[in-house]
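A.B. asks: Relevant sequence annotations retrieved from Swiss-Prot are reproduced here:
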{"type": "ACT_SITE", "residues": "HIS190", "note": "active site, proton acceptor"}
{"type": "BINDING", "residues": "GLY14, ALA15, ALA16, GLY17, SER18, ILE19, GLY20, ASN108, GLN115, VAL132, GLY133, ASN134", "note": "NAD(+) binding site"}
{"type": "BINDING", "residues": "ARG95, ARG101, ASN134, ARG165", "note": "substrate binding site"}
Amino acid sequence: MTQSPTPAVVTVTGAAGSIGYAALFRIAAGAMLGPDTPIRLRLLEIPPAVSAAEGTAMELDDSAFPLLLDVEVHDDPKRGFDGTDVALLIGSRPRSKGMERGDLLAANGQIFTVQGRAINQVAADGVRVLVVGNPANTNALVAANNAPDVPAERFTALTRLDHNRAIAQLARHSGAAVRDISRVTIWGNHSSTQYPDIFHARVGDRSGADIAADREWLTGDFIPTVANRGSAIIEARGTSSAASAANAAIDHVHDWVLGTPEGDWTSVALPSTGAYGVPEGLVSSFPVRSVDGAWQVVEGLEIDDFSRKRIDASVADLESERDAVRGMGFI
C-alpha cells in the first residue's frame with residue numbers, strides 16, 4: 001500500500017473576488033500543485049465578503065474534486081493562515097477614481113502589514129507566498145518586512161502575467177507557437193514601467209535579439225502593448241484581468257514547487273540580492289529558474305544600454321514606492 005502524499009494547505013485572500021473565483025477551481029483540480037497533492041483550501045476574506053466566499057466554498061464542495069479534502073472560510077488572518085503552505089495574496093485595495101497614489105500605498109500597507117504578521121506567526125515553516133494584489137511588488141515588500149522569521153525569498157510578487165503576455169505578443173508577431181518560445185524576461189515593477197526583454201529569448205529557431213533588431217516594432221508596439229495590456233483589457237471588458245491573472249498565479253506556484261522546464265526560465269518579482277544592479281531588498285522582477293523548490297536568479301546575462309536604461313527606470317519606480325511605504329512606517 002502506497003502512502004498518500006502530505007496534503008498542502010493553500011490560503012487564498014480576496015477569495016470572493018473574480019481572480020480568486022477563477023483560480024480556486026483549478027487549484028482544487030490539481031493544476032497548481034500537481035495531480036498527486038491533496039489540497040486543504042482556506043478562503044480568507046473581509047467580513048462583508050464572507051457570505052460570497054461561503055457561496056464559492058459551496059460550489060467547490062459541489063464540484064467533488066478528488067484532491068480537495070476540505071474548504072474553510074475565514075475573516076481572521078490568524079485563522080486563515082494557520083499552517084498554510086502556499087498563500088496567494090490576491091485581495092488588495094483597488095485604486096478608486098480620484099485616489100492619490102500615496103493613499104493607495106497607505107491602504108494596502110495596512111492590509112499587507114497585518115497579513116505579513118499573521119503569516120509570520122502561524123503559517124507553516126516552509127510557507128511560500130505569492131502577492132497578486134496591486135501594487136504587488138511593494139505589497140510583497142511590506143508583507144516580507146512584517147514577517148521577520150520567514151526567509152525573505154519566500155515572498156514573491158506576480159509578474160508571470162506580464163511574462164505570459166510577452167510570450168503571446170512575440171508568438172503573434174513572429175508566427176512561432178507559444179510552446180516554441182523560451183527565455184523571455186520581465187524586469188522591474190508590475191506597472192507600466194516594466195521592461196519585457198526578448199534579447200535573450202529563443203523564438204523557434206530564431207534568437208530574440210534577431211527579432212528585437214526591428215526597433216520600431218520593439219519600442220512602438222511590443223513593449224507598450226505588454227506594459228499596458230491590463231489597461232487595454234479594462235477598456236475592452238469594463239473590468240480588470242481575472243482569468244489570465246489567475247492562470248499566471250497558478251503557473252507561478254506550479255513552477256516554484258515543481259520546477260521550471262529544462263533550458264528555460266520564467267519571471268518572478270522577489271527580494272533583490274543585488275543582482276543586475278538592483279538595490280538589495282527591493283522586490284523586483286528577474287529572470288529565474290526554480291531549483292529544488294527555490295527560485296534562483298539567472299546570472300550572467302549581458303545587459304546592453306537599451307535594456308539598462310529601461311531596467312533602471314522601472315527600478316526607480318520601485319524605489320519611489322519603497323520610500324513612500326517606508327515613510328509611512330510600514331517597513
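Even glycines carry a Cβ here, placed using N, Cα and C.
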A.B. asks: Report the same-chain neighbours of GLY133 (NAD(+) binding site): residues 6+ apart in sequence with Cβ closer than 8 Å to its Cβ, ordered by sequence.
C.D. replies: THR13, GLY14, LEU89, ILE90, GLY91, SER92, ASN108, ILE111, ASN139
A.B. asks: GLY20 (NAD(+) binding site): which of the recorded positions ARG101, ASN134, ARG165, HIS190 is the nearest Cα neighbour?
C.D. replies: ASN134
A.B. asks: Write down the Cα-Cα distance for SER18 (NAD(+) binding site) and the residue listed as 'active site, proton acceptor', rounded and given in Å.
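C.D. replies: Distance (Cα to Cα, whole Å): 19 Å.
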A.B. asks: Taking the binding-site residues one at a time (SER18, GLN115, ASN134), which has its Cβ surrounded by the most other Cβ atoms within 10 Å?
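C.D. replies: Of the binding-site residues SER18, GLN115, ASN134, the highest Cβ count within 10 Å belongs to GLN115.
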A.B. asks: For ARG101 (substrate binding site), what residues in its own chain, 6 or more apart in sequence, show a Cβ-Cβ distance under 8 Å?
C.D. replies: ALA324
A.B. asks: If you skip the near sequence neighbours and keep only those at least six away, which residues in the chain come within under 8 angstroms of ALA16 (NAD(+) binding site), Cβ to Cβ?
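C.D. replies: When sequence neighbours closer than 6 are ignored, ALA16 (NAD(+) binding site) has LEU43, GLU45, ALA49, VAL50, ALA52, ALA53, GLY55, THR56 within Cβ distance under 8 Å.
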A.B. asks: Please report the three-state DSSP label of ASN134 (substrate binding site).
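C.D. replies: DSSP assigns ASN134 (substrate binding site) to coil.
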A.B. asks: How big is the Cα-to-Cα gap, in Å, between SER18 (NAD(+) binding site) and ASN134 (substrate binding site)?
C.D. replies: 14
